[in-house]
Amino acid sequence: METLTRAITGSASPNLSLPQNDSVNRRRLLGYRHGFTSLSLGTLRSQRRSRFFTKVQCSQQTSKNSIDFSDPDWKSKYQQDFERRFNIPHITDIFPDAHSFPSTFCLRMRTPVNEDFAEGYPSDEEWHGYINNNDRVLLKVIHYSSTTSAGAECIDPNCTWVEQWVHRAGPREKIYFRPEEVKAAIVTCGGLCPGLNDVIRQIVITLEIYGVRNIVGIPFGYRGFSDKGLAEMPLSRKVVQNVHLSGGSLLGVSRGGPSVSDIVTSMEERGINMLFVLGGNGTHAGANAIHNECRKRKLKVAVVGVPKTIDNDILLMDKTFGFDTAVEEAQRAINSAYIEAHSAYHGIGIVKLMGRSSGFIAMQSSLASGQVDICLIPEVPFNLHGPHGVLRHLKYLIETKGSAVVCVAEGAGQNLVEKTNATDASGNIVLGDVGVHIQQETKKYFKEIGIPADVKYIDPTYMIRACRANASDGILCTVLGQNAVHGAFAGYSGITVGICNTHYVYFPIPEVISHPREVDPNSRMWHRCLTSTGQPDFI
């Protein structure tokens, strides 16, 4: 059975990437692989200095493409390859004779769109609110002068500046779908995340502005395409008007689902020709596989993703929706841990936050609170025991401050806990509970050294996931939902919408799902976190 999470494997285009940006290579260099029980500081620092720039290798192992920096034309070749990879798929790739129509989206038009469009499509040539197809947004905005600069992302040893442009998101003057012929479907997959209802609401509202009247929700993720007991949910502005006032998902969520072939067959039977998919890396892998299957069957279907991950681990994007809310809500848990620890004799508060492979929530929450003494994330290895371990530093904090607060991401320190050897429905490895492990080891350590310690443990994961989006995420969700619809009507498919350097853009899905985005331990943001906590290296 062809599963959604594996379907992307054969369909992604070769991905030209930098050695220091590639997740696997970076983990090899820094020793961040699960299974290490200890790592010396000297070894880590020497490995950080060992960077090789002789060639930029394609991340797909099967690809033979590479760029040799001894070639005087390497820069132009790199740019050509980048443009090829970031060219977003369009229905004219499969249907060269596809007709375009004047857009039905015009904010100068104040009268409702006529359902039968007897007089043609309303248009206002004087309105300058459309995006030109050739508009681009700069992907990287910092020109690093040296590979040793904090957070440097260089293509070659000399940090040569190479412009990399991506497609600007927004409404186009020409559309490739007649609104009265559109049946649009929305599906939410994976776990809960603040802002799901906001995105659903805005997709529906924007579709109606274009003139679409046939809008449905697919219940409980991809499962809703195959489970005969799950009926489509008709959606309209009246239905979704106030859904953003509560958390969760109006449509429900689930992991896993039927085969890609079965999903596309179900879409054909239902007459769906626009599909909006809200989810993370695995869900987007499924969306890209659906897009490819539709192209294979020569179906005029637009598949557009909206990246939903509370962990903020989608590549190339400033942030994903739900992240700001998660950081804000995490403050309550951290503040509670601080009060508990500060009020107790030798109190220690431990808070575990989300972050399977990326420590953005733990890092940003620690920075925002100003109450965290130790922040532990998956990207940075640490030892619990030993002269430089976390427990020894906790002893120092108790002796000098009288209390301490620890913030740990759920994916941190997995080499220290027993492996479960289990996976969830999405194929994700079920992580060991590092928070409980640190709590138990902390109690054991202080008991052994004869120092009383009052250890409190807080896991607010499900409280945070179920929250309503805050104002910042509400704005982000609104714009993402609008731009998803604009992209579909413009004829793009196999894309996702995101925010890049404060501008909204379209990315081809394969470019953002090759691996999770991670905290760079040499980035300024991580350095700021270390400055705030005052913690040493725990290796």
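Every residue, even glycine, has its Cβ placed from backbone N, Cα and C.
Annotations in TrEMBL come from automatic prediction, not curation.
Taken from TrEMBL, the feature domain 'Phosphofructokinase' applies to 184-486. What TrEMBL lists as ATP binding site is G191, R255, G256, G280, N281, G282, T283. The Mg(2+) binding site feature in TrEMBL is assigned to N281. The site 'Important for substrate specificity' feature in TrEMBL is assigned to G282. Under the heading substrate binding site, TrEMBL lists T309, I310, D311, M354, G355, R356, E410, Y462, M463, I464, R465. Positions annotated as active site, proton acceptor by TrEMBL: D311.
Feature map: annotations from TrEMBL on the structure.
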residue	record	CB count, 10 Å
R255	ATP binding site	21
G256	ATP binding site	18
G280	ATP binding site	25
N281	ATP binding site	26
G282	ATP binding site	24
T309	substrate binding site	28
D311	substrate binding site	26
G355	substrate binding site	29
E410	substrate binding site	24
M463	substrate binding site	14
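A Cα-Cα distance of 17 Å separates D311 (substrate binding site) from R255 (ATP binding site). With a 10 A radius on its CB, R465 (substrate binding site) counts 19 other CB atoms from all the protein chains. Cα proximity to G280 (ATP binding site) (within 10 Å) is found for none of the binding-site residues G355, E410, M463, R465. Mean pLDDT of the predicted structure over the domain 'Phosphofructokinase' (184-486): 95. Ranked by CA distance from T283 (ATP binding site), the binding-site residues T309, M463, R465 have T309 at the top as the closest. Scoring each of the binding-site residues (G191, T283) by how many neighbouring Cβ atoms lie within 10 Å, the top position goes to T283. R465 (substrate binding site) is 8 Å away from G191 (ATP binding site) when you measure Cα to Cα. Each residue contributes its Cα atom, and for G256 (ATP binding site) and G355 (substrate binding site) these two points are 20 Å apart. Checked against T309 (substrate binding site) by C-alpha proximity, the binding-site residues R255, N281, G282 yield N281 as the nearest. For R255 (ATP binding site), the spatially nearest entry among the binding-site residues G355, E410, M463, R465 is R465, judged by CA separation. Taking G355, E410, M463, R465 as the binding-site residues under consideration, the smallest Cα distance to G282 (ATP binding site) is found for G355. Between the CA atoms of R465 (substrate binding site) and N281 (ATP binding site) there is a gap of 17 Å, rounded to the nearest whole number.
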